[in-house]
Amino acid sequence: MKLVLMGLPGAGKGTQAEQIVEKYNIPHISTGDMFRAAMKNNTELGKKAKSFMDNGDLVPDEVTNGIVRERLAEDDAKNGFLLDGFPRTVEQAEELENILNDLGTELDAVINIEVDKDVLMKRLTGRWICRTCGKTYHEIYNPPKVPGKCDLDGGELYQRDDDKKETVEKRLNVNMKQTKPLLDFYSEKGKLHNINGEQDIKDVFVDVEKILASF
């Protein structure tokens with residue numbers, strides 16, 4: 001079973017990825033993990049990726065694609081995998097097709113976890129952290145007993161810059177713009193399966209299982 005998992009930040013992709021790889025016994029292959037492994041193993045592509053990352057530059061497609069090619073050729077990916085964080089562009093999606101074609105296989109499905117932007121905003125901007133002990137709260141899902149104060153030590157709660165509304169909205173807008181052409185690409189190929197990510201976590205996974213039952 002060869003899968004790509006998609007979803008905007010806050011959609012619950014990580015939770016579903018854990019459940020998919022556990023149930024179907026396939027490796028969870030994320031871009032970050034691939035880069036780290038290639039650099040740790042000191043491969044030629046790993047060295048190239050490191051040089052770009054050390055300079056704060058984006059790793060170019062030719063290096064990323066090469067690392068993906070090496071990873072998907074490994075034994076544990078022969079019977080299936082869950083790709084997470086790749087592809088990010090139509091060009092990368094086309095290269096993924098070439099890689100899988102060279103390996104004598106193809107993608108089975110692309111699962112996209114859909115969540116309305118307003119819901120994502122609530123999920124992502126609700127996090128508050130205690131300045132004293134670092135305990136994390138969420139104003140909707142795990143609120144403190146007294147607003148603005150930590151349950152454990154009464155410390156002041158603050159919000160990280162990454163969790164502030166303006167930052168989150170900008171991040172979501174960038175992601176939505178990047179993702180749309182990719183969703184259209186896979187939709188045209190009949191590979192795309194959209195799932196309602198606003199349901200309970202268990203119900204989201206039930207929908208995932210229904211899709212994967214046909215493979």
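Glycine is treated like the rest: Cβ placed from N, Cα and C.
Source: prediction; values computed, not measured.
What Swiss-Prot annotates here:
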| type | residues | note |
| --- | --- | --- |
| BINDING | G10, A11, G12, K13, G14, T15, R127, T136, Y137, Q199 | ATP binding site |
| BINDING | T31, R36, D57, L58, V59, G85, F86, P87, R88, Q92, R160, R171 | AMP binding site |
| BINDING | C130, C133, C150, D153 | Zn(2+) binding site |
| REGION | 30-59 | region 'NMP' |
| REGION | 126-163 | region 'LID' |
For C130 (Zn(2+) binding site): intrachain residues, at least 6 apart, with Cβ closer than 8 Å:
T136, Y137, C150, L152, D153, G155, E156, L157
Checking the contact step here: among the binding-site residues G10, G12, R127, C133, which have a Cα within 10 Å of the Cα of R160 (AMP binding site)?
R127
How big is the gap, in Å, between the Cα of R127 (ATP binding site) and that of C133 (Zn(2+) binding site), rounded to a whole number?
15
Quick check for the class: what is the C-alpha distance, in angstrom and rounded, between G12 (ATP binding site) and V59 (AMP binding site)?
26
How big is the gap, in Å, between the Cα of T31 (AMP binding site) and that of G10 (ATP binding site), rounded to a whole number?
18
Between F86 (AMP binding site) and C133 (Zn(2+) binding site), how far is it from one CA atom to the other, in Å?
36
Counts of helix, strand and coil residues, the region 'NMP' (30-59), according to DSSP:
21 helix, 1 strand, 8 coil
Which number gives the other C-beta atoms within 10 angstroms of the C-beta of R88 (AMP binding site), all protein chains shown included?
16
Assigned conformation of G14 (ATP binding site) - DSSP reduced to three states:
helix
Which state, by DSSP, holds Y137 (ATP binding site): helix, strand or coil?
strand
